[in-house]
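Student: Right, I'll just put the structure down here and ask away after.
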Amino acid sequence: MSRTFLGLPPFGAASQTATTNTQLRHNLRHASHTIRDRRAEVVTERADWPQLRAAGAAIKDRTLRHLDHYLEQLERAVTAAGGTVHWARDADEANAIVTRLVHETGEDSVVKVKSMATQEIELNQALDQAGITAYETDLAELIVQLGDDLPSHLLVPAIHRNRSEIREIFASQMHRWGRGAPSDLTDDPHDLAEAARQHLRDRFLKAKVAVSGANFAVADTGTMVVLESEGNGRMCLTLPQTLISVVGIEKVVPSWQDLEVMLQLLPRSATGERMNPYTSTWTGVHAGDGPQEFHLVLLDNGRSSVLADEVGRQALRCIRCSACLNICPVYERTGGHAYGSVYPGPIGAILTPQLGLVDREVARELPYASTLCGACYEVCPVAIDIPEVLVHLRQRSANGSGHRLERASMAVANWMLADSTRFSWIQRAASAGRHLAPRHLPGSWGRAWTDTRNLPEIPAASFRSWWSSRTSSTSGTQRDDRHD
Amino acid sequence: MRIALFVTCVNDTLYPRTGQAVVRLLERLGHQVDFPQAQTCCGQMHYNTGYRDAATDLAVRFLRTFQDRAEAIVVPSGSCAAMIRDNYPRLGAPESRLRRVSAQVTPRVYDLSEFLVDVLGITDVGAYFPHRVTYHPTCHGLRMLGLGDKPTQLLRAVRGLELLDLEGAAECCGFGGTFAVKNPAVSTAMGSDKARHIAATGAEVVCAVDNSCLMHIGGTLQRERAGVRAVHLAEILAATEAEPIPA
């Protein structure tokens, strides 16, 4: 039923195709610049943003340092409040737990709150194989699901679609999933939202089981927190009888004081809002109010091994705000699908390979999907030094297979640069042959440059030979400082 | 002040005029410039592409060459200065000799523009450049070194120069070292947008503190026959009425 990222080409090939898609380029340029500008406005108005950002990073680091402690505290608090905690080592375990829990309710469908963790483990596909239909209720996830598409952004999964494409999808697909779109549907955003509202309202009133993720899990009270814009999440969190939340183990924060910092950082960084429209919090179960059964599935799925990497572990601070995607000049030109994973953009390029979510070939190319311009690090509300982690992961890739030619080129470059006399001879040879230099270079790297860009002219003499002739003609006092 | 010039391998080999401009400028300002000839490359390309060991070898060579050489080491490249100052301290094992020497040498490394503004405390270097110029703040200069408006302070003080605002100035040009050849389609798409914004300013010259970015931007502008040339900041600051730079 729904597509998966499995088998998509690696970034190099995928991004090449993406850059030629003019509609995609236009949609992304428009959307990312809009969100980016809004974020800049609401972040700049906070004079204490650098302090907030440092606090966010410190809270996350402290929690990750004592993760075992806080997770057990969370488990005790959730259990005391009437919930049940399940531990899942990987995607298969998590999917099996959720499938079993749904089967136990006797239902054959669930409504879903937008959740990256369930995307990561491909829960919808697992449920489908067990005869359970998962209905996405976040507007953008609904667009992706109805279009048999893949999400391309953490927060705005249908960011690659414009409103006329959305109208097409609603008009042709909505009736297959439930209440259809009106026959006179236009691409006016109000019309589109109204069609989705009618379609989803039916669904909410029938649903008995909901599946969610959580933005944060507060350890000392056992409280789950979801931030959203539409209110559809709150419908799922309050109307059904059973609520199952799948939450990555890095989502825990020690206390509400820590949550307070995060609730300032996240909406400003994510949607460029001072405060998001809906913040739902729930703690276990309450008689006669909301779901009467609550299950928390704590998901590892590679996080423990990321935590063991001293440089890479900062990726676990991520609060999935998407500011790095919205500012990234590479993401803006390729879109999310090119990254071949549910986690696209700069954060995806460091999270996907570390969590081991994709094939080796896709994972190997992801750390190179960046110019290291540093804009992602600058906007990150929890100060993840994404370029540092990218370079760290490149070191791993470069040592693996598939980089033989590159390793050889680097070795040649190093040989030339290891001795200044040798380097100067090579410069002289280049200058002597400068008129023979081709305008179009051979080889894949050569062609990659000269297909679209001119080469610089090789000068008649290098700087060092100019310097030598200058000092020998002016003073003769030059001291020989070569040590090779 | 006794200044050592680290010219960088790219400038040395492909853009000698930039190094010559730095020498002319600093001597004009009354300083003595030394060019330690054992220097080659800072290792940035190796480090950023994932070859940490090769980068470490080059870092050791750099540190050996410049250790005890001068009060200040001036680099006419934002990204090479950033490589040395930000990344060298991450190389080698903690407590190693490399870390110790690195801690002594790297704080004395400056990009040319910050050396002029912060260390020498001057913005008017007595330059004359009667052209319409737009400035592209290169990523590592902007975000790793935090150059801010130092380069434009210098440009605004140049007589005859009209500085034009660049739309999307802080956005990367798409060079990214080996990124330009590993992901040429995305790199070209970014370069094309940068070239379009530059052309839209009506400038004759696009200026930056890094010739590797300018090689990408200039190569794109030339291929498009855009009629705008790329010139390093040092060359503009070195230009005077008596000694203009060749057009």
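Indices start at 1 and increase along the chain as displayed.
In case you wondered, yes, glycine gets a Cβ from its N, Cα and C as well.
These came from TrEMBL, pasted as-is:
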- A:71-298: domain 'LUD' (DOMAIN)
- A:315-384: domain '4Fe-4S ferredoxin-type' (DOMAIN)
- A:398-470: domain 'Lactate utilization protein B C-terminal' (DOMAIN)
Student: Restricting to the domain '4Fe-4S ferredoxin-type' (A:315-384), what is the model's mean pLDDT?
Tutor: 97
Student: DSSP on the domain 'Lactate utilization protein B C-terminal' (A:398-470): how many residues come out helix, how many strand, how many coil?
Tutor: 46 helix, 0 strand, 27 coil
Student: For a three-state summary based on DSSP, what are the helix, strand and coil counts in the domain '4Fe-4S ferredoxin-type' (A:315-384)?
Tutor: 42 helix, 0 strand, 28 coil
